[in-house]
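The next block holds one structure in the form of structure tokens; read it before the comments.
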Amino acid sequence: MCSIQAQAEITQMTSSGLFSQKLLLKPSEKRSLETVWKRVGTLKKRNLAGDWRNHWAGNAIKTYKYNVLTFLPLNLYEQFKRVANLYFLVLLILQIIPDIATLPWYTTLIPLVVVLGVTGIKDLVDDLARHRMDKEINNRKCEVLLDGRFQESKWRDMQVGDVVRMKKNDFIPADILLLSSSNPNSLCYVETAELDGETNLKFKLGLRVTDERLQDERQLAEFNGMHALIECEEPNNRLDKFMGTMLYEGKRYPLDLDNMLLRGCKIRNTEVSHGLVIFAGADTKIMKNGGKTRFKRTKIDELMNYMVYSIFVLLILVAAGLAIGHTYWYEAIGSKAWYLFDGKKQDSSYRGFLMFWGYIIALNTMVPISLYVSVEVIRLGQSKFINWDLQMYFLEKDTPAKARTTTLNEQLGQIEYIFSDKTGTLTQNIMQFKKCTIAGRTYTTTCKPTGDKNWNQYADRSFQFVDHSLVECIRSGKDKDVNEFFKLLSLCHTVMVEHKDDGLVYQAASPDEGALVTAARNFGYVFLSRTQDTITIKEMEEERTYEMLALLDFNSDRKRMSIILKFPDGRIRLYCKGADTVIYERLSPKSRHKETTQTALDIFANATLRTLCLCYKDISADEYEAWSELHQEAQVAMSDRDAALDRVYEQIESNLMLIGATAIEDKLQDGVPETIAKLAMADIKIWVLTGDKKETAENIGYSCSLLTDDMQIHYGEDPATYRRGKKKPAEAFFPEPGKNALIITGGWLVIFSSFKIIDFVDMACECEAVICCRVTPKQKGNVVSLVKKYKKAVTLSIGDGANDVNMIKTADIGVGISGQEGMQAVMSSDYAFAQFRYLERLLLVHGRWSYIRMCKFLRYFFFKNFAFTLVHFWYSFFSGYSSQVAYEDWFITLYNLCYSSLPVLLVGLLDQDVNDKLSLKFPKLYLPGQQGALFNYKNFFISLFHGIFVSLVIFFIPYGAFLQTMGQDGEAPSDYQSFAIVTASSLIFTVNLQISLETSYWTFVNCFAVLGSIAIYFGIMFDIHSAGIHVIFPSVFTFTGAASNALRQPYLWLTIILTVGISLLPVICIQFLHKSIWPSVGDKIQRNRKKYEMELLQEEKKKKAPAFERGRRSRRSAYAFSHSRGYADLISSGRSIRRRPAARGIFQESIREVPQTAAENI
């Protein structure tokens, strides 16, 4: 075995300074590590592997929370951090104390164990799955360069600095710098599904120097003996960015994300790849993204918590009052009655103190222990209904709706503001070349094109734009501007091409980019291939290759892209395309056709088209050489590299000459106008936040019915108009009657600091529609947070791209659309589906139903607990305030678990006041949710007083019936046990029939639950009152024969019937009067339900007319340049998707790359 010393240096910049670390891999069977630390010229050595492991993360991962020893203590600790669970634990401890125990310990222990057990089992199942996943991942195999050759090693044993070899379909074990691959120019395809949910392929490229020298095992082993210093950023969670440099043989090379293979990705279409481990284990980007996300809570959650706290305060006050009552009672009566003497020498105050804790125990059911578990069960069921809804299933892409959270369903029924992206959300994000203007002349599709259709063998047959005059102009070659226009489109881009089945397949970073290159292709300027420094196109019948000197890529701040080319005749020219706002600022004073092009742009705006300006600049050789030096310095900058590059780009992109502009159509999605109109009828205000310019945004607003002709449009170009603010808090910004809409730009939002932000929010919220154009992703999130902060409104954000993630995470509810821009929005969302139109059903049907169900559940849950618990309160007045309970112990234990839980759970899962079709037909049904009318403190106190009334009836009617009565057989069943059975039976009948009165939608399951709960009560009661169980557990089951003795008395059954009737009669009367005299919108619709259902059937038979016909209005949308950061960094960094051929006679296949399409609007 040859003796080879492998060493690699990795440097990380941390906040405290720049450190460099050297790894020495020696030819021993066991790896030894020598670390060398450098900082500010000082040198310190440590020769311990432990130092290495302590500073750098190993590659083993740990996502599980528990092990065998820690599961029970940690899980219980987490559960007892919840106030309700901790409260019942304290109660359980109090029940062990003999002096204050008024109930057996099992009455609290059994419900508490059930709640803790259900939650613990769920946590255990989840953690076991994480254990299995961690074990499977850590034990995966990978080839690592050890002792001069590749040896199989487990992932968990890998370390930073290892050279690894990966093969096709292997998962990438760490964050690795790509050194070389079996593909030309070290191209490596990866699938990033585990990172961003996208299944399309991305490609990565190694540096030219490593590609040329590090292809086989011997070269890699020799490379380890050389010095390569890598400086990079510290570990972070940014999946879209990596910055570093490699110093190799005295030359510094820039490193970015395009050179990195990230852990979690999968190697595709690449036989072998080699790389150097940069980040391992917990330091990798995918693991850094595994942190906890911000937990979203609903308004009902917050209100419910406050109500539980209110109940707890009420419990303390009631217990304190009864304890004081016991103190006075014992002083006046108890201490003087010899038959009440218990042998304890305790004064009245001390006894009152003990009674306080006794009543805390006896009345503990006022605080509902099963409330939170029941709520989670209901939410889980509601989420499943959303997932199973076939009317939200998109057949074309086989995409169902997906509730990615189970905690926000009822909040869908309370939305007040919707914040929507435009491109890909309201529109299809499928671009078609429609018009163009060249040197002041506009070209558009002719109705009846003539001439030879087959003059261009590379034409895309699906291309729809045809202008015969333009074709003739190109073929004649007489108009230089026209030829320059399409030459620019074929050269200035970052599109990748694949030759497949004698055809060309373009893969672009955005739909706009692909549409423009396809347009050039169809007019005779065909993009054929590219290498790291050349682009080859076919100009009509002549193939030409241009040397690419620099590629200045697009980003959301630049809003343009440029390419610098050296022509075959030696000329150097810069081509640029971008937004009109940035292009016009950089035009030369000598540029022609500015006014005519601007006029054409306005015309395109009226046709709802997205526009792009094209221009060029000739550069001298000296000017380019001077600029190139600055460009090289900016490329290897380790701090603010992007800003440095932007400054350099700005220097060369000036004094441009305008050629013309393009116009692309992005059609609306199906059903968008109808959906927006329906949501507006539900009093939901819709804001569109887009990167497009004002004309585009405004006219798309008209086309999708967001803006209507009866609206007064207010523009925000002049902030001074609104800077004065409101004179009085109650004064409206728009006192005139009628509808208002506001259109503002992102630049206008920047001046918030110069006047009150609250004034802007108030002004915007007075409008029925708001459009914010030219906004950045950060501004989108800021706008959402402003409305949340100052209006306390429930907000929903919906988008389809990576630029929408900020506002999706900021809003109370985030909705992702799985469209043309990848899956990043979906991965960050709470709910996801494929089309904007499904938002109507999500809110008006599922959201409204979920809200109504949850409100009914909570109102009834509080009522039944008050009615159950307060019987003890009335009983205390007749028991000397002695904290004696009114029911049997086992009834108290099983009341919430078995006797009254199932009917209310089913109401929370299945109830509906009207069906889905009527919910959509009458959007006004949504208003109660926005107003929070169905569950608030008013409803809480109504439930409280309803519970007080029922508890009074349940106690005092049986009390009166038992007072001075005689049984049919001469016996007197007026004992405590018989009284407890009658009150308990009355309570069970009352609460189960009460929920029947609240149920709007009856099914067999509901009926079975109500009758079954009553049957379960009687079945269990007769069992635990039997003599057989008393013989087995004499001290636990003490009501032997009480049920059979009491319930064989007819007058006790009459007492139960009377009690139940009086308890329910007021509710029946109030409901009747309310629906007859003060009916709600829902009551009116329910009353005429059959009539409306017949109308719906008739409407479905009729063919619906389209809500919008393009061209019907004179105003339509205008401008856009929606584009993601392209492949310029890969191309200009010296990499290519194919090697340059020595001679090119036929097309050579370049490797296809499916781009990352998470486009960000400007």
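Cβ coordinates are placed from backbone N, Cα and C, and glycine is handled just like the others.
Note on the domain 'P-type ATPase N-terminal' (54-109): DSSP counts are 29 helix, 0 strand, 27 coil. Per TrEMBL, the feature domain 'P-type ATPase N-terminal' maps to 54-109.
Feature annotation from TrEMBL assigns transmembrane segment to 80-97 (among others).
The feature transmembrane segment is assigned by TrEMBL to 103-125 (among others). Sequence-distant contacts of the transmembrane segment (103-125), counting only residues of its own chain at least 6 positions beyond either end whose CB sits under 8 Å from a CB of the stretch, comprise 65-66, 71, 75-76, 78-79, 85, 88-89, 91-92, 95-96, 361-362, 364, 369-370, 373, 885, 889-890, 892-893, 896-897, 1036.
The average per-residue pLDDT of the prediction over the domain 'P-type ATPase A' (138-204) is 83, rounded to a whole number. Marked as domain 'P-type ATPase A' by TrEMBL: 138-204.
Summarising the annotation, TrEMBL assigns transmembrane segment to 306-330 (among others).
As annotated by TrEMBL, transmembrane segment applies to 350-375 (among others). Remote same-chain residues near the transmembrane segment (350-375) are listed as 82, 84-85, 87-88, 91, 94-95, 97, 99-103, 108, 111-112, 114-115, 118-119, 304, 308, 311-312, 314-316, 318-320, 322-324, 326-327, 330, 334, 854, 857, 861-862, 865-866, 868-869, 872-873, 876, 881-885, 892, 895-897, 901, 904-905, 908 (criterion: CB distance under 8 Å, separation of at least six residues from the stretch ends).
If you draw a 10 Å sphere around the CB of Asp421 (active site, 4-aspartylphosphate intermediate), it holds 29 other CB atoms from the protein chains shown. Feature annotation from TrEMBL assigns active site, 4-aspartylphosphate intermediate to Asp421.
The ATP binding site annotation in TrEMBL covers Asp421, Lys422, Thr423, Glu513, Phe554, Lys577, Arg610, Thr690, Gly691, Asp692, Arg774, Lys780, Asn803, Asp804. Around the Cβ of Gly691 (ATP binding site), 31 further Cβ atoms fall within 10 Å across all displayed protein chains.
If you look up TrEMBL, you'll see Asp421, Thr423, Asp800, Asp804 marked as Mg(2+) binding site. Over all protein chains present, the Cβ of Asp800 (Mg(2+) binding site) has 34 other Cβ atoms lying within 10 Å.
The domain 'P-type ATPase C-terminal' annotation in TrEMBL covers 826-1080.
Listed by sequence, the residues of this chain that lie at least six past the ends of the transmembrane segment (857-878) yet keep a Cβ under 8 A from its Cβ atoms are 300, 304, 307, 311, 318, 322, 325, 359, 362-363, 365-366, 368, 371, 374-375, 378, 884-887, 895-896, 900, 904-905, 907-908, 934-935, 939-940, 942-944, 946-948, 950-952, 954-956, 959, 983, 987, 990-991, 994-995, 998. Per TrEMBL, transmembrane segment is recorded for 857-878 (among others).
Sequence-remote contacts of a segment are chain residues at least 6 beyond its ends whose Cβ falls under 8 Å from one of its Cβ atoms, and for the transmembrane segment (890-910) they are 103, 106-107, 110-111, 114, 365, 368-370, 374, 377-378, 381-382, 853-854, 856-857, 860-861, 864-865, 868, 980, 984, 988, 991-992, 995-996, 998-999, 1001, 1003, 1005-1006, 1009-1010, 1012-1013, 1016-1017, 1020-1021, 1024, 1037. Here TrEMBL flags 890-910 (among others) as transmembrane segment.
Sequence-distant neighbours of the transmembrane segment (940-964) (same chain, 6+ residues past either end, Cβ-Cβ under 8 Å): 307, 310, 859-860, 862-871, 873-875, 878, 886, 973-974, 978-979, 982-983, 986-987, 990, 1051-1052, 1055, 1058-1059, 1062-1063, 1066-1067. As annotated by TrEMBL, transmembrane segment applies to 940-964 (among others).
Through the fold, the transmembrane segment (976-995) approaches residues 860, 863-864, 867-868, 871, 886-888, 891, 899-900, 903-904, 907, 950, 954-955, 957-959, 961-962, 1010, 1013-1014, 1017, 1021, 1039, 1042-1043, 1045-1047, 1052, 1055-1056, 1059-1060, 1063-1064, 1067 of its own chain, all at least 6 residues removed from its boundaries and within a Cβ separation under 8 Å. As annotated by TrEMBL, transmembrane segment applies to 976-995 (among others).
The transmembrane segment annotation in TrEMBL covers 1002-1021 (among others).
If you look up TrEMBL, you'll see 1027-1044 (among others) marked as transmembrane segment.
Residue counts of the domain 'P-type ATPase A' (138-204) by helix, strand and coil are 11 helix, 34 strand, 22 coil (DSSP-based). The binding-site residues in question are Arg610, Arg774, and the one with the fewest Cβ neighbours inside 10 Å is Arg774. Nonlocal intrachain contacts for the transmembrane segment (1027-1044), taken as residues 6+ away from its ends with a CB within less than 8 angstroms of a stretch CB, comprise 104, 106, 888, 890, 977-978, 980-981, 1021.
Counted over all residue pairs in Asp421, Lys422, Thr423, Glu513, Phe554, Lys577, Arg610, Thr690, Gly691, Asp692, Arg774, Lys780, Asn803, Asp804, the record's binders of ATP, the longest Cα to Cα distance measures 25 angstrom. In terms of C-alpha distance, the listed recorded positions Asp421, Asp800, Asp804 place Asp421 closest to Arg610 (ATP binding site). When the Cα atoms are compared, Asp800 (Mg(2+) binding site) and Asp421 (active site, 4-aspartylphosphate intermediate) turn out to be 8 Å apart. Distant neighbours of the transmembrane segment (1051-1073): 946, 949-950, 953-954, 957-958, 961, 965, 967-968, 973, 978, 982, 985-986, 989-990, 993-994, 997; these residues of the same chain sit at least 6 beyond its ends, with a Cβ under 8 Å from one of its Cβ atoms. The distance from the Cα of Thr423 (ATP binding site) to the Cα of Asp804 (Mg(2+) binding site) comes to 11 Å.
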